[in-house]
Amino acid sequence: MGKLRPGRVEWLASGHTERPHLFQNLLLFLWALLNCGLGVSAQGPGEWTPWVSWTRCSSSCGRGVSVRSRRCLRLPGEEPCWGDSHEYRLCQLPDCPPGAVPFRDLQCALYNGRPVLGTQKTYQWVPFHGAPNQCDLNCLAEGHAFYHSFGRVLDGTACSPGAQGVCVAGRCLSAGCDGLLGSGALEDRCGRCGGANDSCLFVQRVFRDAGAFAGYWNVTLIPEGARHIRVEHRSRNHLALMGGDGRYVLNGHWVVSPPGTYEAAGTHVVYTRDTGPQETLQAAGPTSHDLLLQVLLQEPNPGIEFEFWLPRERYSPFQARVQALGWPLRQPQPRGVEPQPPAAPAVTPAQTPTLAPDPCPPCPDTRGRAHRLLHYCGSDFVFQARVLGHHHQAQETRYEVRIQLVYKNRSPLRAREYVWAPGHCPCPMLAPHRDYLMAVQRLVSPDGTQDQLLLPHAGYARPWSPAEDSRIRLTARRCPG
């Protein structure tokens, strides 16, 4: 740790010894000297210097590790800087040539012929993978029944043969989707690293339409770009899959394919068929072109469940193509509601007096950042939605909404949902045919039969505007944890 003490300024650093730019150091020094000279007390954390450049990969072939560092500048009385002083990323180089000595083997071999264990005896060492700590250099003495630990392995060594993790500073770390080791970053359902499932839509439907005769029936188009595809049914019928070139991938031409993994549209399709009537298709995606899902009908269709995630910009073309082809695809139904036949027009007797409802009392004022932050951070879902209509049911108001944009979700949302609000005079009152930003909670009954989205009384629901959109995006960054 090096220290620079001109005029009560302290330079704290750890690890690497690269020097930041001289001009930048001079500015930081003058700023600190001015603050100290004026008697300004230092508070809060210190300031990080910019990251230095990434080092070269620790390996010349295969996988290795690259590192970059930064330093914390702080005055007396300031807290340490928040965050890490070092970042490690995985670097992937061309595969090592056949016959190359593995990295761990090479490290053990460095101790061949050298006296160890306080004696003059020497041994030939090979890696030993049965020790508890994978990131220690545990080497077995050839021809003997013992191993010895020579400390930590070098950074970039594989934790174990075939493992995805690599050792860094004695710890086994895996790379997140951002390439940084130990970051824990994951792809969301849309394929975005660290995303919030807000750049795609979840399509989930049940296909029940089919004729009475045996043969192939169209179920759905699985469009290009679809991810996390799952299809399932329970019957003696068989799922069939056709590529964009008109050739069958699975169960075509009245021939049932064996269970297994098939290549289709740039992804692996896993086809399983139990000894019972259940049959499933699963694919991670994304698909590189359209696929046509069909069913080879042999008995009445009890229902085929299918789901996938689709980029938002592809959803409208998908709907248009399905409707243009005349395929009987049902629209997404709101959560927890079975499809109902259209209601017959209500007949109102002539001269029936209509009683005006009692006026609703004014709603409490819910403006302000604190209210927005409270409901955003404590909600299960935050989205932009258009109110299609509302209905009073028992002591609740039910809004039917169409989801436009999702800011936060803890489980998939459908294109259309029902949002419930307590009372016949909910606060806030939502007007039909308007777009709102709203924060709602998910309520599931203990037996799982009821699954509702609840807009609490005096909760967060405000007309959508560009300004409110900016405020809610800023609020998302301020939630704890």
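Cβ from N, Cα, C; glycine included.
From a predicted model like this one, the values you see are computed outputs, not experimental measurements.
Annotated signal peptide per Swiss-Prot: 1-42, in sequence order.
The domain 'TSP type-1' annotation in Swiss-Prot covers 45-97 and rests on sequence analysis.
Long-range Cβ neighbours of CYS57 (disulfide bond) (same chain, at least 6 residues apart, Cβ-Cβ under 8 Å): GLY64, VAL65, SER66, CYS91, LEU93, GLY156. The disulfide bond annotation in Swiss-Prot covers CYS57-CYS91 (among others).
Residue density at CYS61 (disulfide bond): 13 other Cβ atoms are found within 10 A of its Cβ, drawing on all protein chains shown. When secondary structure is read from DSSP and collapsed to three states, CYS61 (disulfide bond) falls in the coil class. Swiss-Prot lists CYS61-CYS96 (among others) with the feature disulfide bond, giving similarity to another entry as the kind of evidence.
According to Swiss-Prot, the disulfide bond annotation covers CYS72-CYS81 (among others). For CYS81 (disulfide bond), the same-chain residues lying six or more positions away in sequence with a CB closer than 8 A to its CB are PRO45, GLY46, GLU47, TRP48, CYS72, ARG74.
The N-linked glycosylation site annotation in Swiss-Prot covers ASN218 and is backed by experimental evidence.
Swiss-Prot lists 331-361 with the feature region 'Disordered'.
If you look up Swiss-Prot, you'll see 345-355 marked as compositional bias 'Low complexity'.
The domain 'NTR' feature in Swiss-Prot is assigned to 360-479; the stated evidence is sequence analysis. Here the domain 'NTR' (360-479) is broken down by DSSP into helix, strand and coil counts: 21 helix, 51 strand, 48 coil.
Applying an 8 A CB threshold to same-chain residues 6+ apart, the list for CYS425 (disulfide bond) reads CYS360, PRO361. What Swiss-Prot records for CYS360-CYS425 (among others) is disulfide bond.
Neighbour list (CYS427 (disulfide bond), Cβ cut-off 8 Å, at least 6 residues apart, same chain): CYS363, PRO364, THR366, HIS457, ALA458. According to Swiss-Prot, the disulfide bond annotation covers CYS363-CYS427 (among others), on the basis of similarity to another entry.
Annotation source Swiss-Prot lists disulfide bond at CYS377-CYS479 (among others). The number of other Cβ atoms within 10 Å of the Cβ belonging to CYS479 (disulfide bond), over all protein chains shown, comes to 11.
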Disulfide-bonded residues (CYS72, CYS96, CYS360, CYS363, CYS377), the one with most neighbouring Cβ atoms at 10 Å: CYS72
DSSP-derived helix, strand and coil totals, residue by residue, for the domain 'TSP type-1' (45-97): 0 helix, 21 strand, 32 coil
Count of other CB atoms lying within 10 Å of the CB belonging to ASN218 (N-linked glycosylation site): 20
Local backbone state of ASN218 (N-linked glycosylation site), from DSSP in three classes: strand
Surrounding CB atoms that lie within 10 Å of the CB of CYS91 (disulfide bond), all protein chains: 19
Mean predicted confidence [pLDDT] for the domain 'TSP type-1' (45-97): 89
Nearest of the recorded positions (ASN218, CYS377, CYS479) to CYS61 (disulfide bond) - Cα to Cα: CYS479
When distances run from the Cα of ASN218 (N-linked glycosylation site) to each of the disulfide-bonded residues CYS96, CYS377, CYS479, the nearest one: CYS377
